[in-house]
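**Student:** Got a structure for you, questions after.
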Amino acid sequence: MPKMTTSVPPKSVEKIRLKLTQRSVMIQFWQQLIMASQDSNIPALVAAYSKVLHSEGFDVNQRHPLGWTALHVAAINGKVEALKTLIEAGANVDLGDDFINVYRTSIEKGLHSIDVLVKREDEFSDRLNNRATFQGFTALHYAVLADHIEVVKVLLEKGADPSLENEAGHRPIEYARSEEMKQLLLSPTAKYGEMLRQRKAEERRRFPLEQRLKQHIVGQEGAISIVASAIRRKENGWSDDEHPLVFLFLGSSGIGKTELAKQLAAYIHKGKPNGFIRLDMSEYQEKHEVAKLIGAPPGYVGYDNGGQLTKELKKCSNAVVLFDEVDKAHPDVLTVLLQLFDEGRLTDGKGKTIQCKDAIFVMTSNLASDEIAEHALQLRKEAEEIATQRLEGKLGMRNNSELDDVELSEKIAISRQFKDKVVQPILKRHFRRDEFLGRINEIVYFLPFSRSELLKLVSKELDFWAKKAKETHNIELKWDHSVESILTDGYDVHYGARSIKYEVERRVVNQLAAAHERGAIGNGSTVWLVAHWPTTETEVPIIKLRVKAQGVKEFIDIDEEESLIKKINLNFF
């Protein structure tokens, strides 16, 4: 049997070879940099490597297999001349270390912990605690930690940002031990902090939070506006600093409550994983499960594990915390939450207090969801009738106001009377305590989607499958606008956007998968979704696939293609 060979383009081979060469050179440089313990040996070493470090296409930010860069090595070992050369060659002064600690890095890399420890000490530094976590440490963090004053001065001169936090949320100044080091960092840290505040304020003015959230969430303009206003108060110092911000999101499932909390965390914490904590409160329905939240008391099983909430808040005290389906939690759990919302602190099972006044707490609930949905649908129906009357000229408002009339049915709001007479009694009956409801800053109502919002959801879902078809099967997927209209009819107010997702899977993706399995569509095909409208009222509209094979000009129906294949097979056999 002949051997199978895989041809690799020459350019790809050259790129791989170049990358391996660069990594080899950088490892040699790191090793010799560490061995050159006397500064007098550094100039000769730097001179020897200067040419290759400055050569075109050389990546001076090349990482060690375990995560650090040459600049980190120079900083922790106090090699000033090497540091200057690396920065001149283009080293990023604010790049963070990817190395976590010996134990976790050994697991992630699939190595023995002893091997990781030896490499860390031989190729980085043997002065560090191997149990400590160093993820996100910049060169400035390392220089301050090692108390290298001259290195810190060079880094600051070259533009290193002293306000950057590592993964633990600590800035370089927090690792300063000597008074001289603290004074050296104090002014630049304050300066950078002020610059950062001004930059963020300018960014908020140019790109308000409402716009950011609307990029990811369909509809819910009222909910977005309320949340954005509350965050704006907090960001600009117009809120009570003694209490955390607390929201209660009400509405049906699949309507954007959880997604809004996620996007809020992404905005505040720039995507940092510790910045968003999600707890499913259906897991806290029993009295004893309070211990799971804050940690078991001494002498009980799980004491050393800590609580699911307290453990995460220790990592990020200003996180966005989502209590999903809070109405399912046991009353004793709600008592813990009341303390959290009222005082902005929480005591864990070990007796340690976690301060979290800067955190943002979001609770979601389906309480009163049916009443809210029915009320909103009635309001939308009335608004649509008014809009129709205006467009027909019955109220004497035409021409310039026509666009506003069309949008009128989209902009509805829950009345204060409905909130007080219908929703509040339901919440009081369930939670049975006014003080708990009194600590909620904003109760936010999520409403059923309008027709235009449903069309956006359908379009978004079809775009997702079109992208997947192209990337996975090299099949181009297109559709008529009438297809979107048919798919919106699958909307179920009780399941929200999920019902649209399921409808697209049932009526479109199932057909695509079946056609692909039969060989009716394949690599290079173009598929066009078309709507077929019924001739009688008892029938329902259907979606059909039309396909054009690669190199063919005409589209044909999948049914026609299958009939043609059957005829060919009959004639052949």
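Every residue number used here counts from 1 along the chain in the order it is shown.
The backbone N, Cα and C atoms fix where each Cβ goes, glycine too.
TrEMBL lists 66-98, 135-167 with the feature repeat 'ANK'. The domain 'AAA+ ATPase' annotation in TrEMBL covers 243-392. Here TrEMBL flags 449-541 as domain 'Clp ATPase C-terminal'.
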**Student:** For the domain 'Clp ATPase C-terminal' (449-541), what does DSSP give as the number of helix, strand and coil residues?
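**Tutor:** Final tally across the stretch: 53 helix, 11 strand, 29 coil.
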**Student:** Let's see if you can do this one: DSSP helix, strand and coil counts over the repeat 'ANK' (135-167), in that order.
**Tutor:** 16 helix, 0 strand, 17 coil
**Student:** Averaged over the whole of the repeat 'ANK' (135-167), what is the pLDDT?
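**Tutor:** A mean pLDDT of 89 is what the model gives the repeat 'ANK' (135-167).
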